[in-house]
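Each remark here refers to the structure printed beneath this line.
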């Protein structure tokens with residue numbers, strides 16, 4: 001189903017904070033040309049918490065329209081309000097998204113039973129695949145493997161974006177949910193190790209800037225060429241470090257601006273990058289030949 005390098009798209013903006021639709025369209029075309037295996041708009045990296053509902057939906061619509069089924073689109077549809085998540089998921093389905101990514105509800109700290117009910121309600125409301133997004137550092141709730149196994153029995157819940165950074169999780173998830181449950185890493189630094197533990201791909205922040213290398217690493221692993229996969233991951237390490245030197249997506253948006261895709265602007269409360277972080281990013285990109 002979903003595999004390889006899927007990019008967690010930034011949302012390009014003008015300097016005044018308006019969404020730069022033309023830059024987004026060019027960015028998507030470039031991503032596909034560079035070999036990205038899938039597009040994931042309006043997630044954490046897409047600044048979904050600071051987008052209005054209309055903006056959120058428009059970004060999904062543009063992504064689907066430009067992609068034209070050349071690669072799958074997994075639209076962000078997360079919320080800490082179940083009714084809102086259902087609405088976003090139904091919109092994504094209505095405009096042609098291939099799946100939805102639904103984050104564990106943040107701030108209100110539901111119990112495991114609450115998580116079970118939330119995801120079941122969203123999955124019941126749509127007819128396209130749903131990927132659970134488990135990211136305890138941001139949501140302050142960790143879905144247990146037992147809860148995930150129960151949700152995996154739902155025909156529309158097909159996998160997880162695992163951003164726990166715990167490399168024992170995919171092993172336990174495979175044991176509980178079966179090998180067909182689609183496990184995608186949400187951590188660029190451990191993406192290769194995640195594959196070795198049972199994953200099938202990565203929803204990547206770094207792929208915003210180095211889509212070809214990220215896709216080639218995933219392809220090398222699938223081809224059984226571990227030496228090449230390890231070499232690419234080693235080359236990417238300085239860029240991974242720069243990408244997460246400050247809160248995502250500020251570094252990624254600065255890097256994208258250097259490539260000509262929108263400005264570096266992030267909506268508050270995300271602040272502009274420190275000059276030292278900008279220098280780190282430029283050095284990492286130059287080292288990979290992404291900047292002259």
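Heads up, the Cβ atoms here are built off N, Cα and C, so glycines get one too.
Remember, predicted model here, so these are calculated numbers, not experimental data.
Sequence-distant neighbours of residue 133 (active site, proton donor/acceptor) (same chain, 6+ apart, CB under 8 A from its CB) are 43, 78, 101, 102, 103, 104, 160, 161, 163, 186. Swiss-Prot lists 133 with the feature active site, proton donor/acceptor, giving sequence analysis as the kind of evidence.
Residues or ranges marked as active site, schiff-base intermediate with substrate in Swiss-Prot (evidence: sequence analysis): 161. Residue 161 (active site, schiff-base intermediate with substrate) carries a strand DSSP state (E or B). All chains included, 27 other C-beta atoms sit within 10 angstroms of the C-beta of residue 161 (active site, schiff-base intermediate with substrate).
Under the heading pyruvate binding site, Swiss-Prot lists 45, 203. According to DSSP, residue 45 (pyruvate binding site) is assigned to coil rather than to any helix or strand. Non-local contacts of residue 45 (pyruvate binding site) by the CB criterion (under 8 A, 6+ apart in sequence, same chain) comprise 8, 9, 10, 205, 208, 248, 249, 252.
Under a cutoff of 8 A between CB atoms, and with a sequence separation of 6+ in the same chain, the neighbours of residue 44 (site 'Part of a proton relay during catalysis') are 8, 103, 135, 138, 248, 249. According to Swiss-Prot, the feature site 'Part of a proton relay during catalysis' maps to 44 (among others), an assignment based on sequence analysis.
In this structure, residue 107 (site 'Part of a proton relay during catalysis') belongs to neither helix nor strand by DSSP; it is coil. Summarising the annotation, Swiss-Prot assigns site 'Part of a proton relay during catalysis' to 107 (among others) and lists sequence analysis as the type of evidence.
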- Give the number of CB atoms, excluding that of residue 203 (pyruvate binding site) itself, located within 10 Å of its CB. 28
- Note on the structure: Cβ density check for residue 107 (site 'Part of a proton relay during catalysis'), other Cβ within 10 Å (all protein chains) comes to 8
- Item | Cα distance (Å, whole number) from residue 107 (site 'Part of a proton relay during catalysis') to residue 203 (pyruvate binding site) | 23
